[in-house]
Amino acid sequence: MDRHNHVVFSLSKTHDLVSRICQKLKMPMGLITHNEFADGETYIRFEESVRNKDVFIFQSTCAPVNDSLMELLIAIDALKRGSAKSITAILPYYGYARQDRKTMGREPITSKLVADLLTTAGVSRVALTDIHSDQTQGFFNIPVDTLRTYHVFLTRTVELLGKKDLVVVSPDYGGVKRARLIATSLELPLAIIDKRRPAHNVAESINVLGEVANKNCLIVDDMIDTGGTVIAAAKLLREHHAKKVCVMATHGLFNGEAPQRFQKAFNEGLVDYLFVSNSIPQTKFDQCPQFQVIDLAPLFEEVLLCYANNSSISAIYTRHIEWIKKHV
């Protein structure tokens with residue numbers, strides 16, 4: 001990347017991640033002054049010129065979600081008023097993604113509202129990472145890139161479990177498309193958990209569709225919130241005599257008692273390994289060998305180079321999957 005024409009900034013939730021990205025790119029991270037006034041208002045100032053530059057700004061809109069989102073909106077406004085040539089907002093985690101439709105009367109579609117806010121603030125392009133539902137792309141009236149991370153995870157998980165006797169498992173019907181993409185890319189069998197959700201953050205797994213007995217099962221999901229879905233799925237897989245059960249999720253929110261639930265699942269042998277990415281800073285598991293964080297810095301490095309060189313992002317996935325097939 002040409003540091004004279006491109007500049008990379010990070011807001012509060014992605015600083016460690018972007019530091020590694022810039023280190024790989026051998027370019028400095030842009031400097032930002034970020035303060036909070038006594039009444040809680042956010043102040044942001046960019047400490048270098050962005051005039052006529054292509055700007056890439058990273059932020060995960062994770063907890064506290066509203067503060068993280070407002071920080072991003074203010075930063076985009078500052079870049080726009082600073083005459084940036086283009087502003088690409090890269091969101092490793094996109095908050096409010098689950099509020100993407102109305103299920104009852106008088107409900108909002110907050111994911112669409114957030115898309116409108118980002119567009120109005122002045123962003124030129126948005127990159128979303130393993131979004132909860134593909135329809136989110138249609139909420140924007142600007143270019144949107146939906147980045148996939150499965151190939152980054154598979155390098156580690158397949159290396160650990162091996163392809164023999166490996167089954168990809170979707171913890172519910174909503175995740176079938178995601179799980180099938182992974183299973184198809186490596187020519188692996190697919191299993192599905194039949195689940196119902198009687199209330200918010202409450203999940204019940206009922207049955208397994210597919211052969212999992214004496215198999216190494218890899219449960220695939222986009223995010224883990226309270227952990228109820230994947231732990232219930234793991235328990236059901238064990239009841240169906242699965243040999244190993246590992247969980248792979250891009251976004252680890254781990255709200256409420258999720259860390260304690262997973263620690264109990266590790267201790268009871270329900271879950272062998274839990275893999276999440278650093279799309280959200282991970283601080284809730286200390287020195288736990290079963291909990292592994294997959295670094296997304298190499299992926300974002302490649303994505304930024306694609307932006308800088310006007311090349312195809314989809315080629316990244318093809319190249320990595322071919323490498324996994326040959327070497328893992």
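Every residue, even glycine, has its Cβ placed from backbone N, Cα and C.
The ATP binding site annotation in Swiss-Prot covers Asp39, Gly40, Glu41, Arg98, Gln99. In the three-state DSSP assignment, the secondary structure recorded for Glu41 (ATP binding site) is coil.
Around the Cβ of His132 (Mg(2+) 1 binding site), the number of neighbouring Cβ atoms within 10 Å comes to 21. The annotation Mg(2+) 1 binding site is assigned in Swiss-Prot to His132.
All protein chains considered, the CB of Asp172 (Mg(2+) 2 binding site) has 20 other CB atoms within 10 Å. According to Swiss-Prot, the feature Mg(2+) 2 binding site maps to Asp172.
Residues or ranges marked as active site by Swiss-Prot on the basis of sequence analysis: Lys195.
What Swiss-Prot records for Arg197, Asp221, Asp225, Thr226, Gly227, Gly228, Thr229 is D-ribose 5-phosphate binding site. The DSSP secondary structure for Thr226 (D-ribose 5-phosphate binding site) is coil. Around the Cβ of Thr226 (D-ribose 5-phosphate binding site), the number of neighbouring Cβ atoms within 10 Å comes to 18.
Distance from the CA of Asp172 (Mg(2+) 2 binding site) to the CA of Thr226 (D-ribose 5-phosphate binding site) is 15 Å. Cβ neighbour count for Gly227 (D-ribose 5-phosphate binding site) (all protein chains, 10 Å cutoff from its Cβ): 28. Across the residues annotated as binding ATP (Asp39, Gly40, Glu41, Arg98, Gln99), the two Cα atoms farthest apart lie 30 Å from each other. Over all protein chains present, the Cβ of Thr229 (D-ribose 5-phosphate binding site) has 27 other Cβ atoms lying within 10 Å.
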